[in-house]
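Copied from TrEMBL, the annotated features are:
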| type | residues | note |
| --- | --- | --- |
| ACT_SITE | E218 | active site, proton donor |
| ACT_SITE | D368 | active site |
| DISULFID | C439-C482 | disulfide bond |
| ACT_SITE | E496 | active site, proton donor |
| ACT_SITE | E537 | active site |
| BINDING | T624 | Ca(2+) binding site |
Amino acid sequence: MSGSSGPLPYSMRDVGAGGAYNNAKFRHRSRLKMVLQSLATNRSKYHCGKFTVGKFLSLLMVSGLLYLFMHKGSEGIVSSELHGKEVQNKNVRRSPSIRTFWRKPPRLPPRLPPNEIYKNNSLLQQSPSEWTSRQKKVKEAFEHAWSGYQKYAMGYDELMPLSHRGTDGLGGLGATIVDSLDTAIIMGADDVVSEASKWIEDNLMKRISEKGQVNLFETTIRVLGGLLSAYHLSGGDHPGAGDSGVPVTYKKANPERLLEVSKDLADRLLLAFTSSPTAIPLSDVILRDHTAHAAPDGLSSTSEASTLQLEFSYLSKVLGDPKYDRAAMKVLEHIHTLPKVEGLVPIYINPSSGQFSGENIRLGSRGDSYYEYLLKVWVQQEEYRDSSLKYLFEMYTEAMRGVKHLLVRKTVPNGLVFVGELPFGRNGGFSPKMDHLVCFLPGTLALGATKGITKRKALETNLLTDEDIENLQLAEDLAKTCVEMYFVTSTGLAPEIAYFHIEGDTEGGPDGGNKSSKYINDIVIKPLDRHNLLRPETVESLFVLYRITEDSKYREWGWQIFQAFEKYTKVDSGGYTSLDDVTSLPPSTRDKMETFFLGETLKYLYLLFDENNTLPLDKYVFNTEAHPLPVMRSAEQASHSV
């Protein structure tokens with residue numbers, strides 16, 4: 001409900017001088033009382049010769065009945081003019097007319113002042129049925145995306161929707177299938193659950209034993225994470241499965257088989273850790289040969305080496321074997337000992353020396369999920385938050401202070417808040433560049449502030465510090481910037497990278513194409529950065545922020561983004577395509593449907609429109625590929641949470 005100037009359902013004359021609504025003006029009153037009160041005020045006016053008051057009343061009643069009979073069709077009901085221009089345009093009469101005596105007074109709601117309107121969230125929100133309808137649209141989009149993959153690329157990693165074929169760019173493990181399975185379970189897309197789980201049961205173990213090189217990070221977050229999430233949501237670990245809120249469907253994956261495949265894959269991936277001379281794992285594994293090696297330049301991305309712990313720790317929990325958790329956690333323990341720049345770290349690390357390489361600091365590619373997992377690993381292992389893993393939250397807190405001090409800036413002329421980069425370290429120049437990948441940060445900041453509960457509840461129980469409130473405000477400011485990266489373009493879809501105008505920066509550049517955007521002069525989109533890969537980071541943060549703030553604007557923004565995906569990326573024959581240029585109409589396309597569109601983007605949109613708090617954020621943590629895993633509690637903690 002915006003501050004519209006449209007006609008109100010009642011006249012301004014019905015509002016008292018102080019602007020307050022007077023309910024007595026619309027209380028039902030006896031018509032006879034109205035007449036008698038009117039007569040009592042000017043009794044002398046009703047003596048005309050021998051005419052008594054009684055005779056006058058009799059005549060008046062007869063006249064009134066006649067009037068009603070003659071004008072029944074047009075005057076016997078309250079006309080719409082009462083609610084509109086007639087009441088607004090006519091002056092208030094000092095004495096009631098005959099029409100007024102016989103008109104039934106309108107029953108109107110109280111008029112709330114603007115501050116009360118905005119306090120009442122229900123007046124701002126769509127009805128529950130509307131959000132349920134929108135959620136259904138997202139499920140239909142997921143089924144359309146799957147239909148294209150199933151028809152043209154089943155068993156391949158990804159679909160090329162325009163050329164109707166599949167491609168293997170992630171090691172040939174059927175990545176789209178595994179990435180999509182828990183999304184299908186959450187949505188209750190039974191046919192997809194059946195098809196995906198059957199393929200996994202029949203083919204994946206064989207693929208793992210035969211395939212060659214895979215990237216440790218990508219395979220862990222997409223395939224291992226997808227398998228473990230589906231295992232949990234299928235009832236594999238019964239004690240925690242009931243917390244999800246995911247409806248039970250008649251078609252389920254086989255959790256025992258999912259766990260068996262997970263273990264086989266993880267045992268091979270462990271070679272990246274055991275083959276390294278330091279705690280930092282090698283970047284690549286040859287699955288069939290049981291070997292691992294470093295990238296050609298010998299370096300690992302900091303984010304890749306430090307974004308493995310949620311999956312390996314959960315696997316240790318369900319198998320009762322600590323070796324997976326131990327190997328993954330050694331990475332964070334080692335990074336804890338390394339020097340940092342106000343908690344910020346370079347984007348490369350050398351597994352041979354165990355030291356950071358270079359000075360490039362950013363929260364975009366190769367840096368992003370390091371900061372995400374500092375918080376999420378701490379959140380996941382609730383039993384150790386105040387003991388052995390306390391250092392992780394301290395590292396996260398220090399890093400966010402560093403982000404605010406060194407990387408956060410505002411644009412000119414309109415003051416959008418964004419996170420830039422230090423390509424040459426703290427002593428080098430600041431770059432006003434922000435990857436779309438950085439849009440994970442608003443959700444992470446919000447989660448770090450309230451630990452997954454709503455802001456309202458956190459305030460009521462005095463759980464928010466001043467720093468938490470500051471971080472939550474930064475989260476909301478950054479989310480707005482991420483959304484404006486969409487709305488500033490001709491298609492309503494964000495580019496892969498944006499630059500921002502800042503004070504003292506004279507470098508210009510092309511805009512997003514939407515000349516009606518207020519921020520058209522704040523955001524620069526360079527020709528090589530105009531593509532859109534169907535990324536999830538912004539809608540991820542909208543989902544988290546809606547759950548925590550309960551502010552419906554995040555849902556509305558998500559709905560606009562979803563509509564843009566539907567309009568410009570949907571392929572009639574099945575699937576969705578990436579775009580080459582979001583600033584032009586019609587946009588040029590890029591023949592690829594990334595696995596994360598099904599595994600992340602559509603999942604977060606579906607949960608954003610959910611009315612049932614499915615997968616509550618204080619009981620689940622989403623890995624960086626949006627695969628939900630349960631928060632792991634001790635037996636005592638679990639009993640207190642029930």
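Backbone N, Cα and C atoms are what each Cβ position is placed from, and that goes for glycine too.
Measuring Cα to Cα from C439 (disulfide bond), none of the recorded positions E218, E496, T624 fall within 10 Å. Within its own chain, D368 (active site) has S303, D435, L437, V438, F440, T624 as residues 6 or more apart in sequence whose C-beta sits under 8 angstroms from its own. Of all Cβ atoms in the shown protein chains, 20 besides its own fall within 10 Å of the Cβ of E496 (active site, proton donor). Among the active-site residues E218, E496, E537, the ones whose Cα sits within 10 Å of the Cα of C482 (disulfide bond) are E537.
Cβ neighbour count for C482 (disulfide bond): 28 (other Cβ atoms within 10 Å of its Cβ, all protein chains included).
E537 (active site) and E496 (active site, proton donor) are 11 Å apart (CA-CA, integer value). Note: E218 (active site, proton donor) has non-local neighbours L170, G171, i.e. same-chain residues 6+ apart with C-beta under 8 A of its own C-beta. Neighbour counts were taken as the number of other C-beta atoms within 10 angstroms of each residue's C-beta; across the recorded positions C439, E537, the minimum falls on E537. T624 (Ca(2+) binding site) counts 26 other C-beta atoms within 10 Å of its own C-beta, drawing on all protein chains shown.
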